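Annotation comment: Swiss-Prot describes 1-12, 117-138, 186-213, 265-276, 321-339, 389-402 as topological domain 'Cytoplasmic', evidence class sequence analysis. Per Swiss-Prot, transmembrane segment is recorded for 13-33, 99-116, 139-159, 165-185, 214-234, 244-264, 277-297, 300-320, 340-360, 368-388. Sequence annotations record features per position, and here Swiss-Prot assigns topological domain 'Periplasmic' to 34-98, 160-164, 235-243, 361-367 based on sequence analysis.
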Amino acid sequence: MSRVSQARNLGKYFLLIDNMLVVLGFFVVFPLISIRFVDQMGWAAVMVGIALGLRQFIQQGLGIFGGAIADRFGAKPMIVTGMLMRAAGFATMGIAHEPWLLWFSCLLSGLGGTLFDPPRSALVVKLIRPQQRGRFFSLLMMQDSASAVIGALLGSWLLQYDFRLVCATGPVLFVLCAAFNAWLLPAWKLSTVRTPVREGMTRVMRDKRFVTYVLTLAGYYMLAVQVMLMLPIMVNDVAGAPSAVKWMYAIEACLSLTLLYPIARWSEKHFRLEHRLMAGLLIMSLSMMPVGMVSGLQQLFTLICLFYIGSIIAEPARETLSASLADARARGSYMGFSRLGLAIGGAIGYIGGGWLFDLGKSAHQPELPWMMLGIIGIFTFLALGWQFSQKRAARRLLERDA
């Protein structure tokens with residue numbers, strides 16, 4: 001086996017262990033924020049939505065800068081620094097008794113993510129061969145789901161005793177992850193050339209097709225982020241106990257572990273990436289619309305199952321499509337910019353979702369936020385369909401001219 005092949009094989013295992021620690025550390029804390037501050041402390045959902053949206057926007061919106069810096073200086077220093085900053089943010093959350101302190105903790109957490117997330121994504125693109133990426137992203141999603149439910153179960157158990165225990169466990173896991181990267185991650189370059197920061201960012205901004213695709217995905221993310229805000233609140237309201245939230249993540253884990261890889265393997269043989277992304281988004285959108293009308297936990301979990309199935313279909317295709325569109329000369333910059341859709345969609349989804357949830361509750365129209373999210377998903381579906389049809393038309397024109 002050549003040294004390159006050996007490095008790729010070892011890199012896969014490194015990426016899987018690193019991903020497990022990151023997801024565990026995140027899901028021990030974040031799914032319980034809305035339960036802690038909305039249900040236990042009585043804050044308005046929009047206040048918590050601002051905090052979650054701030055974290056999302058900072059982490060993903062500034063991702064292009066983190067990616068461009070990583071293109072210049074390498075992945076290792078960015079990842080280690082970002083992990084430690086995320087740990088500090090989670091620790092601060094444990095003493096948040098005023099909204100501004102929660103916002104500050106989410107700001108720290110987001111800045112940490114800005115540093116470590118783009119280079120980690122770029123390492124996947126660097127180490128995994130193009131024909132294997134779809135399956136590897138599926139494996140990562142399966143691991144995400146299993147780690148998420150373990151993290152949520154651990155966090156829910158700790159919440160029974162003290163929220164500060166929740167906010168101590170998350171930082172410990174991120175410090176462990178920082179040490180793991182500092183010890184084992186080689187000083188790899190992310191791009192084929194050492195790209196100056198400004199050049200990497202400029203290269204991305206000139207790629208109009210990639211920019212349009214990323215910005216359109218904001219609508220997709222408005223729906224996706226509700227697993228952190230409105231869906232846990234809804235499950236808690238219907239069940240009458242925060243412990244029911246862990247079953248929501250258990251459903252996701254079961255579906256991902258049993259369906260994700262088989263669906264990905266089958267669909268990649270029969271459907272284009274664009275079609276898989278759009279089909280998943282359509283299922284997610286349609287499953288959102290009736291959520292506000294249900295009153296039983298069984299009905300709610302059925303809709304959540306449909307939502308997760310849509311995500312299982314869409315997410316590996318979205319990741320693979322984003323990676324395939326990235327320029328190898330500026331991988332970090334591309335993968336950083338690819339998070340901008342999540343920054344915009346996540347911020348609007350959290351803040352707007354929280355505001356609509358409060359508005360629907362006060363107006364006795366609980367279906368309002370869910371119908372709006374479903375409509376946004378349908379419009380995003382149509383916009384993506386138009387973009388992909390334009391791309392196919394341009395390809396046919398080039399083939400005819402040739």
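Every residue gets a Cβ built from N, Cα and C, even glycine.
On a predicted model such as this, the values are computed, not experimentally measured, just so you know.
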Pairs 6 or more apart in sequence, C-beta under 8 angstroms, 3 or more of them: is that satisfied by the transmembrane segment (368-388) and the transmembrane segment (277-297)?
yes
With DSSP, how much of the topological domain 'Periplasmic' (160-164) is helix, how much strand and how much coil, in residues?
2 helix, 0 strand, 3 coil
Give residue numbers and ranges for long-range contacts of the topological domain 'Periplasmic' (361-367): same chain, 6 or more residues beyond its ends, CB-CB under 8 A.
290-293
Among 13-33, 139-159, 165-185, 214-234, 340-360, which stretch has the highest count of C-beta pairs below 8 Å with the transmembrane segment (300-320)?
214-234
Selection from 13-33, 139-159, 340-360, the stretch that has most Cβ pairs under 8 A to the transmembrane segment (165-185):
13-33
Please spell out the DSSP helix, strand and coil residue counts for the topological domain 'Cytoplasmic' (265-276).
10 helix, 0 strand, 2 coil
Per the 3+ Cβ pairs under 8 Å rule, pairs at least 6 apart in sequence, do the transmembrane segment (13-33) and the transmembrane segment (340-360) touch?
no
Could you put numbers on the helix, strand and coil content of the topological domain 'Periplasmic' (235-243), residue by residue per DSSP?
7 helix, 0 strand, 2 coil
